[in-house]
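Asks: Have a look at this one before I ask anything.
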Amino acid sequence: MLKLQMVLMSLLLLPLIVNLYPWIIALTLSALLLPTCFNLVNSASYSMFTEYMSSDMMSFTLSALTIWVTVMMILASTKIMHLNMYPKMFMTNLVILLIILINCFLSPNLIMFYIWFEASLIPTMVLIMTWGYQPERSQASMYLMIYTVAASLPMLMVLCKIFIVSKTAMMPMFMNMEFPMDYPSMALAWVLTLGGFLVKLPMFTVHLWLPKAHVEAPIAGSMILAAILLKLGGYGILRMLSLFHYMAKSTSSLLSSVALVGAVSTSLICLRQSDLKSLIAYSSVGHMGLMVAGALMSSNWGFQAALAMMIAHGLSSSALFVMANMNYELTHTRSLFLMKGLLVLAPTLTMWWFLFTASNMAAPPSINLLSEIMLITSILKMSTSAFILLGLTSFFTAAYCLYMYTSMHHGPLMLTSNPIPQFKVKDLTLMTMHLVPTILIIFKPELITSWS
């Protein structure tokens, strides 16, 4: 099975050298790789294949999500092929980004993980700069690069220090290891390491790059940003908690408070957004704040809840960005003040908006509800005083979801809207691919909650 996976990963490079039908090749091979990923998930709880590749439930769950989202990105970006907007270059970029992300999730080596973690920045910037919408995309790329690099360089220094002190860079070796470092040094190392991941997440106060990047990115860029790239930060935090578990317990109250206050603040910011993509981007900050608060509780229940939230948010936020792109093609605007009457113009699209808006606000039977219940209980177990912030977060999340839905679908129809809505089979397939795992995983939740 491992050999089959390696062969298929190598075959994914074919679109780089084949001139004909690059979309079909990448789509087919990505679909073939997905069942391989699930078969490996059902193997041992932790398996180390080589010095540079290992797996457990979290890494393979996120790898499967990466492949699934990549397939949907290709389906959502067929306009690039039809308009001949450098389709081969686009496919090459997507395949490179896919390989980087899978290597990042499967790497047990701390230094290699950092290299793949940073390498994901390059294809993302190429996506925004080459296929972005507005001239401001250069500013968005600059924000993304400066925030990520500025936070990651101190983290690299800490990782090198860990390697020198422990004489190993293998993350599984950190589980029961005692480091000969005093408390202030460990505290500084934890803060610098956490900073690099919190910017990628991003957490409130270091989130300004995210709305800019989402607004200027093409549909494929928004999907991969929301569904996968933000999860690199959460994945890194969960991995490093095995090394800094004592420091995490001593700082969890402060950091969780900041994360929950940020979740409430970004939910309030969502209520006054007029740009649809910006609203969805800010909602991601709120959900990731709740996720990091649960992860920092350092309990098995919190770890499982954080992973469940990453999977649930990856599917729902990707779907919201796909539908935002469909709305833009119908109305030629992203403004919630101008985007009115879609219930009359596109009732099928309205149905999909209702389903995924409900999923985003954690309504049953979505896995978002499961993840939020698990996160709230894990946080309240450690600190009952957090129930006020958790209640406000849940309330304002529902409020901005209803505001987003009613602003677009009710009211008089815009005169500038496309009179013949084009809801194609491709769009129906895309939305179904988002909805099916969101609903079905609730019947087998151990797929996303059995890691600890």
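Cβ coordinates are placed from backbone N, Cα and C, and glycine is handled just like the others.
Copied straight from Swiss-Prot:
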type	residues	note
TRANSMEM	7-27	transmembrane segment
TRANSMEM	57-77	transmembrane segment
TRANSMEM	116-136	transmembrane segment
TRANSMEM	145-165	transmembrane segment
TRANSMEM	218-238	transmembrane segment
TRANSMEM	251-271	transmembrane segment
TRANSMEM	278-298	transmembrane segment
TRANSMEM	303-323	transmembrane segment
TRANSMEM	336-356	transmembrane segment
TRANSMEM	360-380	transmembrane segment
TRANSMEM	386-406	transmembrane segment
TRANSMEM	428-448	transmembrane segment
Asks: For the transmembrane segment (386-406), what are the same-chain contacts with Cβ under 8 Å, counting residues 6+ beyond its ends?
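Replies: For the transmembrane segment (386-406), the far contacts come to 256-257, 260-261, 263-264, 267-268, 270-271, 276, 279, 283, 286, 290, 293, 336, 353-354, 357-358, 360-362, 372, 376, 379-380.
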Asks: Taking contact to mean 3 or more CB pairs closer than 8 A (sequence separation of 6 or more), are the transmembrane segment (116-136) and the transmembrane segment (218-238) in contact?
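Replies: Between the transmembrane segment (116-136) and the transmembrane segment (218-238), contact is present.
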Asks: I'd like to know if the transmembrane segment (278-298) touches the transmembrane segment (218-238) in this structure, counting it as a touch only when three or more C-beta pairs sit under 8 Å and are separated by 6 or more positions.
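Replies: Yes; at least 3 Cβ pairs under 8 Å.
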Asks: Under 8 Å, at least three CB pairs between the transmembrane segment (360-380) and the transmembrane segment (278-298) (pairs 6 or more apart)?
Replies: yes
